[in-house]
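Colleague: The structure that follows is given in the form of structure tokens.
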Amino acid sequence: MTHQTHAYHMVNPSPWPLTGALSALLMTSGLAMWFHFNSTLLLAMGLLTNILTMYQWWRDIIRESTFQGHHTSIVQKGLRYGMILFIISEVFFFSGFFWAFYHSSLAPTPELGGCWPPTGIHPLNPLEVPLLNTSVLLASGVSITWAHHSLMEGNRKNMLQGLFITISLGVYFTLLQASEYYEASFTISDGVYGSTFFVATGFHGLHVIIGSTFLIVCFLRQLKFHFTSSHHFGFEAAAWYWHFVDVVWLFLYVSIYWWGS
């Protein structure tokens, strides 16, 4: 490593942004091929390229931060700002779905029967699986906070236990959501109700899967003693993201499942 007189991380040339862009092209093109020609070859290639890119890019970042010492306090401060801006962008992303839902539900058109839910739609009971899902995510918020406090106190065993419980609850939530989709009496093609319901809850479910993956990586890293009480931004970012997913679900539950039904 060349000598430098500043605390900033000058990133070395990397192929992963290019392969990541290629995987995005393959996945979007693959989705179009799947929808129109029932061919999943391009989509599978895109997913494989994306998984390989994620693994190798994360490997490089872990090497730079944990073993090479590139992530100084100034670099970590910049990463924190970046994560905050990313979460803010996600807030606006989900705001669009809530806007679409309330635009359609507060003033139902004659085509919908002048009522909400639209005529012929039988919404899910908010006091059954959706309420259980809410309890699961709230419990996962408690366990991730426990894991964070345990890490700050240097209690590795409790940190791993809290993280494992959070991951298990995240997987359980995903399975419950999948069963709910399977048993729903309406589909994404059933007008504006079906489209707003499945797009909003579906993207939230995708974020739960992403967050669970994020936490699994943190769990595997902690098994290798990568985190300390003073150097653990990877885990902190995962915890922020998970709390954001929790809050979005509360808004989804109150708006779409409870009020919208």
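Using N, Cα and C of the backbone, Cβ positions are placed for all residues, glycine too.
Pasting the feature list from Swiss-Prot:
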type	residues	note
TOPO_DOM	1-15	topological domain 'Mitochondrial matrix'
TRANSMEM	16-34	transmembrane segment
TOPO_DOM	35-40	topological domain 'Mitochondrial intermembrane'
TRANSMEM	41-66	transmembrane segment
TOPO_DOM	67-72	topological domain 'Mitochondrial matrix'
TRANSMEM	73-105	transmembrane segment
TOPO_DOM	106-128	topological domain 'Mitochondrial intermembrane'
TRANSMEM	129-152	transmembrane segment
TRANSMEM	156-183	transmembrane segment
TOPO_DOM	184-190	topological domain 'Mitochondrial intermembrane'
TRANSMEM	191-223	transmembrane segment
TOPO_DOM	224-232	topological domain 'Mitochondrial matrix'
TRANSMEM	233-256	transmembrane segment
TOPO_DOM	257-261	topological domain 'Mitochondrial intermembrane'
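Tell me about the setting of these features in this model.
Modeller: Outside the transmembrane segment (16-34) by six or more residues, the chain places 40-47, 49-50, 52-53, 56-57, 60 with a CB less than 8 A from a CB of the stretch.
Here the transmembrane segment (41-66) has long-range neighbours at 9, 14, 16, 19-20, 22-31, 33-34, 217, 221, 226, 233-234, meaning same-chain residues at least 6 beyond its ends whose C-beta is under 8 angstroms from one of its own.
Here the topological domain 'Mitochondrial matrix' (67-72) has long-range neighbours at 1, 7-9, 79, 231, 233, meaning same-chain residues at least 6 beyond its ends whose C-beta is under 8 angstroms from one of its own.
Cβ atoms under 8 Å from those of the transmembrane segment (73-105) belong to residues 7-9, 112, 116, 192-193, 196, 199-200, 203-204, 207, 233, 236-237, 240-241, 244, 248, 251, 255-256, 260 of the same chain, restricted to positions at least 6 beyond its ends.
Long-range Cβ contacts of the topological domain 'Mitochondrial intermembrane' (106-128) within its own chain (Cβ-Cβ under 8 Å, at least 6 residues beyond either end) map to 180, 184-186, 190-194, 253, 257-258, 260-261.
Below 8 angstroms of C-beta separation, residues 158-163, 165-166, 169-170, 172-173, 176-177, 179-180, 215, 227, 229, 232, 235-236, 239, 242-243, 245-246, 249-250, 253, 257-258 of the same chain, each at least six residues beyond the ends of the transmembrane segment (129-152), sit close to that stretch.
Same-chain residues lying 6 or more positions outside the transmembrane segment (156-183) and placing a CB less than 8 Å from one of its CB atoms are 124, 129-130, 132-133, 136-137, 139-140, 143-144, 146-148, 150, 198, 201, 205, 208-209, 211-212, 215-216, 218-219, 222-223, 225, 227, 242.
Here the topological domain 'Mitochondrial intermembrane' (184-190) has Cβ contacts under 8 Å with residues 121-122, 124, 197-199 of the same chain, all six or more residues outside its ends.
If you look at the transmembrane segment (191-223), the same-chain residues 6 or more away from its ends with a CB under 8 A from one of its CBs are 58, 62, 66, 90, 93-94, 97-98, 100-101, 104, 112, 116-118, 121, 123, 144, 156, 159-160, 163-164, 166-167, 170-171, 173-174, 177, 181, 234-235, 237-238, 241-242, 245, 248-249, 252, 256, 260.
Listed by sequence, the residues of this chain that lie at least six past the ends of the topological domain 'Mitochondrial matrix' (224-232) yet keep a Cβ under 8 A from its Cβ atoms are 62, 66, 71, 151-154, 156, 159, 218.
Sequence-distant contacts of the transmembrane segment (233-256), counting only residues of its own chain at least 6 positions beyond either end whose CB sits under 8 Å from a CB of the stretch, comprise 62, 65, 71, 76, 79-80, 83-84, 87, 90-91, 94, 98, 101-102, 126, 130-131, 133-134, 137-138, 140-141, 144-145, 147-148, 151, 166, 170, 196-197, 200-201, 204, 207-208, 210-211, 214-215, 217-218, 221-222, 226-227.
Counting residues 6+ beyond its ends, the topological domain 'Mitochondrial intermembrane' (257-261) has Cβ neighbours under 8 Å at 101, 105, 116-117, 123-126, 130, 197 in the same chain.
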Colleague: Using DSSP, tally how many residues of the topological domain 'Mitochondrial matrix' (67-72) sit in helix, strand and coil.
Modeller: 1 helix, 0 strand, 5 coil
Colleague: Count the residues of the topological domain 'Mitochondrial matrix' (224-232) that DSSP assigns to helix (H, G, I), to strand (E, B) and to coil, and report the three numbers in that order.
Modeller: 0 helix, 0 strand, 9 coil
